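To start, the structure itself, in C-alpha cells.
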Amino acid sequence: MTFKGGVEAVRGISLDVAPGEIVGFLGPNGAGKSTTMRMLATLLRPTSGTATVAGHDLLSDPSGVRRGIGYVGQGTSVAPFTPIGEELVLQAQLAARLGLDEARARVRELMALLDLEGLEHRIGASLSGGQQRRVDLAFGLLHKPSLLILDEPSTGLDPASRAALWEHVKGLGITVLLSTHYLEEADALCDRLYLIDKGVVTASGTPAELKAGRTLDEFYLEATR
Amino acid sequence: MIRDTGVLLRHYLRQVFKQKYGLVITAAQPLFFLVLFGPLFTRIGSWEVLVPGLIIQLGLMSAGMAGFGIVVDKRFGVLDRLRATRTSRLALLLGRVLSNAAVLLVQATALIAVGYALGLRAPVVGVLLGLAMVIVLGISLASLSYAAALSVPKSLFPSLASTVVVPLMLLSGAFLPMSMAPDWLYALSRANPFTYSVDAMRELFAGHFLTPTVAVGVAVTAAFTAVSLLVGTRIFGRANA
C-alpha cells in the first residue's frame with residue numbers, strides 16, 4: 001500500500017486467519033497495522049496485492065467483504081451527540097438489513113450481552129471510555145459477521161474495562177483479527193500473532209513459538225530493536 | 001439502495017428536527033433580508049424578484065453549509081463505521097443530501113409564506129415549480145458541500161465554505177438582477193450556475209412558465225446537480241475520504 005507522495009505504508013504482507021482463530025497484530029506505532037486492517041475492511045484500496053476476506057475477494061467484491069466482516073476502528077466511532085440506541089438501530093438497519101422492529105430487538109440483545117443495558121438514551125459523549133468501546137464492539141457485531149476486525153480496541157481503557165472488553169471478545173466464538181499494544185493481552189487472548197514493523201511481517205507464530213523461553217515483552221523488544 | 005437511502009433520510013431528519021433552534025437560526029438571515037431589506041428593494045423592484053434571490057441565499061447558507069455535519073462524523077469515526085457496512089456510497093450520500101434538501105424546502109416555504117404576508121403575489125403553480133427547483137438545488141449544494149468537507153483539511157472547511165458562498169451569492173444576482181451590472185460583472189455572473197436558477201425562479205414567480213429562461217435555468221440546475229452528485233459519490237467512496 002503506497003500513499004500519495006510515495007509513502008509505502010505496507011509492503012508485501014502475507015497472512016492467513018483460519019475460521020474461529022483469534023489472531024493478533026503487534027508492532028510499533030506506524031508499523032502498518034491499521035493500514036492493513038483498513039485495507040481488509042475495504043476502507044483503503046490497496047495499490048497492489050490480493051486478499052480474500054470472509055470468503056470474498058477484496059478488490060472485486062468489496063460489498064461481499066463488508067457483509068462478512070465487523071470493523072471496529074482505532075478510536076471510538078460513537079456519535080457524540082446522538083443517543084446510542086438510535087445509532088445502534090441505524091447501524092443494524094444498514095449493516096444487517098433488518099427492519100425497524102428486528103433492529104431494535106437485535107440492539108437490545110447486544111446491549112444486554114455487552115453490559116450496556118439502560119444506556120440507550122444516553123448520547124455518545126456522556127459515556128465512559130469503556131462503555132464507548134463496548135458500543136463500538138456492538139456496532140461491529142450487529143450483523144453477526146464471520147470475521148471481526150478490531151484495531152486497538154482496548155487502548156486508553158482502565159484495566160477493569162480492558163479485561164471486560166476482552167472477556168466479551170473471547171466469548172464471541174467468531175474469527176477475530178485484532179491489533180494491540182498490550183503484550184500480556186495478546187499472549188493470553190490470541191491463538192497466533194504477527195509482528196509487523198515498517199510495513200512488513202517480521203515474525204509470526206503462536207505466542208509460545210514467538211516467546212521461545214522468553215517473555216513476550218523480551219521477544220518484542222528484541223524483534224523491534 | 002433506495003431502502004438504505006430512506007433509512008438514512010429518516011435518521012438524519014429526526015436529528016435535524018430535534019434541533020428546532022438550528023433550523024430557525026439558519027433561516028433567520030434571509031428572513032432579515034426579507035423584512036428589513038425587502039421594503040427598500042421593492043421601491044426599485046418587486047417581491048417576485050427579491051424572494052427567489054433570497055431562496056438562493058437560503059440554499060447557499062443552509063444546504064451549502066451541510067458539510068459541517070460530515071466534518072464531525074469523519075472526526076469521530078462515524079463515517080468510517082458506515083462506510084464499512086454494505087450500504088452503497090450513493091445511499092450514504094443521498095440520505096444526507098435529501099435530508100438537507102427537505103430542510104431547505106421547509107425553510108424556503110416559511111420564507112415564501114412571510115413573503116406573501118409582506119406583498120409577494122406569485123402564482124401558486126410558479127411557487128410550486130420554484131420549490132421543486134429548490135429541492136434540486138438543495139441536493140446539488142449539499143453534495144458539493146460534503147465533497148468539499150471531505151476534500152480539504154477539517155480546520156479549513158468553515159472558512160472555505162463561507163468564503164465561496166459569498167461570491168456565488170452576489171454573482172447569482174440574488175439581491176439585484178445582474179442585468180443592472182457592468183459588462184464584466186455580468187459576464188462573470190454567467191459562469192455561475194446559480195444565476196440561471198435565480199433567473200428561472202424569477203420567471204416562475206412572475207407567472208412565465210414556458211420561456212427560454214426557465215428552460216435554460218432548469219437544464220443548468222439539473223445538469224449541475226447531476227455533476228454534483230457524481231462528484232459527491234466519488235469523493236464519498238474515495239479511499240481516504
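The chain as shown is numbered from 1 upward.
Glycine residues also receive a Cβ, built from the backbone N, Cα and C atoms like all the rest.
Residues or ranges marked as domain 'ABC transmembrane type-2' by TrEMBL: B:13-239.
Per TrEMBL, the feature transmembrane segment maps to B:21-42 (among others).
For B:54-72 (among others), the entry in TrEMBL reads transmembrane segment.
Taken from TrEMBL, the feature transmembrane segment applies to B:93-118 (among others).
What TrEMBL lists as transmembrane segment is B:124-144 (among others). Nonlocal intrachain contacts for the transmembrane segment (B:124-144), taken as residues 6+ away from its ends with a CB within less than 8 angstroms of a stretch CB, comprise 52, 55-56, 59-60, 62-64, 66, 93, 96-98, 100-105, 108-109, 112, 194, 197, 200-201, 204-207, 209, 217-218, 221-222, 224-225, 228-229, 231-232.
Residues or ranges marked as transmembrane segment by TrEMBL: B:156-176 (among others).
Among the features that TrEMBL reports, transmembrane segment is placed at B:209-231 (among others).
Counting Cβ pairs closer than 8 Å to the transmembrane segment (B:156-176), the top stretch among B:21-42, B:54-72, B:93-118, B:209-231 is B:54-72. Nonlocal intrachain contacts for the transmembrane segment (B:21-42), taken as residues 6+ away from its ends with a CB within less than 8 angstroms of a stretch CB, comprise 49-51, 54-55, 57-58, 61-62, 65, 103, 106-107, 110-111, 114-115, 118-119, 175.
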